[in-house]
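Pulled from TrEMBL, these are the features on record:
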- Asp418: active site, charge relay system (ACT_SITE)
- His493: active site, charge relay system (ACT_SITE)
- Ser858: active site, charge relay system (ACT_SITE)
- 308-319: compositional bias 'Basic and acidic residues' (COMPBIAS)
- 30-145: domain 'BAH' (DOMAIN)
- 147-198: domain 'PHD-type' (DOMAIN)
- 297-319: region 'Disordered' (REGION)
Amino acid sequence: MAKTRPGVSSAKPKQGNKELDCYTIRGTNKVVRVGDRVLMRPSDTGKPPYVARIERTESDSRNNVKVRARWYYRPEESLGGRRQFHGAKELFLSDHYDLQSAHTIEGKCVVHTFKNYTKLENVGAEDYYCRFEYKAVTGSFTPDRVAVYCKCEMPYNSDDLMVQCDSCKDWYHPACVGMTIEEAKMLEHFVCFECSEDDLKRSQNGFHASPVDDAKTRCETALAKHEQPDLVLITTRFSLNLSRKNEANGVDMSGASSFAVLPLLFHLLAMSSIASIVEERSIYLILMEGEPVAFHSSGDDLPGQHGRRFDPNSEASKDHAKKLVDSHDKVLQSTLDRGSYNKLYSFKHVLNGFAVHTTPSQAKKLQHVPGVKLVEGDRRTKAMTTYSPQFLGLPQTVWTQEGGDRNAGDGIVIGFVDTGINPFHPSFAYDILNPITSNISHFSGACETGPQFPPFSCNGKIVSARFFLAGAQALTPLNATIDIPSPADAVGHGSHVASTAAGNAGVPVVVNSFFYGRASGMAPRARIAVYKAVYPTVGTIADVVAAIDQAVADGVDILNLSIGPDEPPQDTVTFLSFFDIAMLFARRAGVFVVQAAGNSGPGPSTVLSYSPWAVGAAASRIDRRYLGSLLLGNGLNISGVGLSAPTFGNGSLLYKLVLAKDAINLSGTFPRTPQYVEECQYPEAFDPNVVRDSIVICTFSAGFYNDTSTLTAIIDTARVLRFMGFVLVANPSYGDFIGQPIPYSVSGTLVTKVADAKIISQYYEQQTLRDARGFVTQFNARAAIRDGRFASFGSQAPIVSRFSSRGPDFIDINRNPADVLKPDILAPGHEIWAAWSPLSALDPILTGYNFALISGSSMAAPHIAGIAALIKQKYPSWTPSMIASAMSTTATKFDNNGGVIMAEGFEVGSSYAANNFDFGAGFVNPSRAMDPGLVLSSEFEDYISFLCSMPNIDRFAIRAATGVWCSQSLGHPANLNIPSVTISALRRSLTVKRSFKNVATKPETYVGLAIPPNGTMITLHPPWFTIAPDGTQDLDIEINVTQSTNVFGFGEIILTGSLNHIVRMPVLIRPVSIV
């Protein structure tokens, strides 16, 4: 799950936008409508205009007009650069969409089909043509090759015959290779000069005494075999048959006139050629009948269940694994055409299946093969602290119980499926003065080395490191510089996540020579197992599932998934996607699985964690804030954001304040666009004498709104022109924006509120003298930037972060609600310090740093993973569901001031009282989770019964995905024994049951209290009970509808124990009918 983009973002998502029928290009009378092709102004004036197709036109509440543009690319803009395309006027249509300001439209243009373009008598400046569709992410083309252009790149003449080289497959006009059309007609084979070993090879391969009959025979043979014959041979055959037919009719078809039909034939045959290659390969995930190794019963081995582990290195396991792999190969070899596929992985440890790279038509064949249960197309995946341990109370409570940070998490292995790890970071160093001696004999990994990951990287702290690349390689050519074929982390995300959960204690955080404090993981003595499966260029489910399969086989105790699909499955229910089934079987093998809930908030049903067998972590702010400020010459302090050193003097010295617009180089030839004039993106736009040693005011404008402008560019401009500092201020036209406190290598601050920006503007205009034309004659405004690197503590917290995805959970792409609470729990995920990779391939502003302060539900998940490791260390026999229950029932819904937890809303700076769809059961409380009193437990069989009780899921689909028939139903999905009750549609009444186990050491009496959601009444049976150690107690929860509200209401059940244990269980109900 991707973290939020560091730096600056507009306050998206936006509401209230109005769709427009058309837009008149500024300064013209030309009207643009949906479907029109337009020229759009690039930020770099040295580049030609961009070409785009308008998909939608809309205006917001401030009448700012935007267009949704689908981009055409030029050949040189493709991944890998220019291919063999025809001429400078060729474009190809991409799958890359952007929301752009309509003001960037310069004019209209025409994008022709290739056929129409070749018939133009006069090719104008606004004429382009397109033959290819291009996938911007993968770099692949459809069709991959079109046999209608010449290697010489001269304009195509539709009356010409063309010949193809047998070796390189390039096409040529006959004249370009020194032959006539008549000679080309007679060719059986042709090899171009570039492919010939010498000039003789051409004559040997080129001219035969009897070409016609040989060509006819070879063509008919190819057709009989359903092969695609060479186009030149088919053309020869047709011209021969037509000549003979017309000779019989007394018509002379000799010479050039016989080729009057060739354009039509050529077009038809070219289309036939295109049809044969139009299918683009994709990755498909296939699930097979038969138990995987972990759950296979053979001889003395028992199926792995209820947390029991298996030995993947036993002879029985190896034999069964080989049988599974052989069966996968047999299915592929007997079903798919030779050369039409590439097997990427065999899943054999907790799943029985494989991943294959093939075409849709080939994949369709697999659906009907006996033994194949499920065929699913791959989806893309993406990647989703110095103070958070203290905020959670770990050093004072849990770590003290576990022997301090020298022992916290010892003996537990946490697996991280992510972007890899930075093995040279001190958070992952092995401490020879405090060696790790705990027994992890249950774990058996491997250290896969490679670029930037030497053998000594697996040092005892990092106990295993693997990488999974086959899926990414199948989709697109990878960039060897950043898509490193080793467990090394080129992004930073994987290192950040791993150190948050299990980084060493007390590591100094130093950025730009400033000491920010010390960083510690939640479980600093836990071991780290790395499974790199997401790359800067692309991530695939195939690689991720292969990593999960291997991690479980290796024996990890906890599995952290701060990555995952960035959208729900299109053609199956959410619970039965390949990704969720992989997590189900990891859970069946006894692994605690936590995943990021998603970063698509604050809208409803944006959560990307769906299933009850994995814990979905939402993200919150903690009570730490980094506050910068701009001191104006009139004494006013304006709040800002940015981990920036102060201007020299830290406020005691004031510097000239200059608005970017007023410092423009008037003789410059650059375009007067916001990026140049307002946003400080280009040094050449400024008069160096004006801005040197000044504080320059840059303005948030169209470039930042469209994500085309960056803070990195401002910093580069400031460094080149020697600004004393910069201020990026909010723009009334775009509203308040969101600023993240990231390190700046120059003094700077972000003023994110329009109200504060107006104060700066008023002061600046009052102090600045202008002539009659509006040009500045004297800059009298002064200011200083104060230090933004010192943290303040004690702010209201936790607060659910704006980006954190919300419930309710849903079962399908239509977002029909499910009877499961998601997210499960709230944890710190906003502005978290942790380890980073200096390569920082996706965030250039963080390049060179070993630590980063970033936000995302990706950061919340490892907090939960680390706390789970602490619980597992104390209670090694507990199952994953018991660990999850302990965290859930002890979580709090109150903040540090005693009030209800708040959640950030759509508008920047807005908040509202949060509910369970924002924070799940509440904010995690590690110290209480270590002693929960009661826990609830669910196992694999319970999850199957849960699926079988859902009315909207096909029983055969459940069997196909899980391998288990529906032999037992829970009656209602809400009867799954989890620490919450969610009913998405309650009619009249329902009684659900929960079963509790006493994990305390003494008997305890509990008294129940039900706080019903609006429109309901709840009765508990029994209202109180006494439970012995290791004893169990069933609780019937009778729910009656008192009012049909048709919206979710929120309540809870509280069990208060005589020994001070308090067990809380959220209740969420949507009453739809009284009768």
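Numbering starts at 1 and runs along the chain as displayed.
Here the Cβ of each residue, glycine as well, is placed from N, Cα and C on the backbone.
In TrEMBL, annotation is done automatically, which means it is predicted and not curated.
Predicted, not measured: the structure shown is a model, and the values here were computed from it.
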Site of maximum Cβ density within 10 Å, from active-site residues Asp418, Ser858: Ser858
Separation of alpha carbons, His493 (active site, charge relay system) and Asp418 (active site, charge relay system) (Å): 7
Across the domain 'BAH' (30-145), average pLDDT on the 0 to 100 scale: 81
Neighbouring C-beta atoms (10 Å sphere around the C-beta of His493 (active site, charge relay system)): 34
His493 (active site, charge relay system) to Ser858 (active site, charge relay system) - Cα separation in whole Å: 8
Within the domain 'BAH' (30-145), residues counted as helix, strand or coil by DSSP: 11 helix, 56 strand, 49 coil
Tally of residues which DSSP labels helix, strand or coil - the compositional bias 'Basic and acidic residues' (308-319): 5 helix, 0 strand, 7 coil
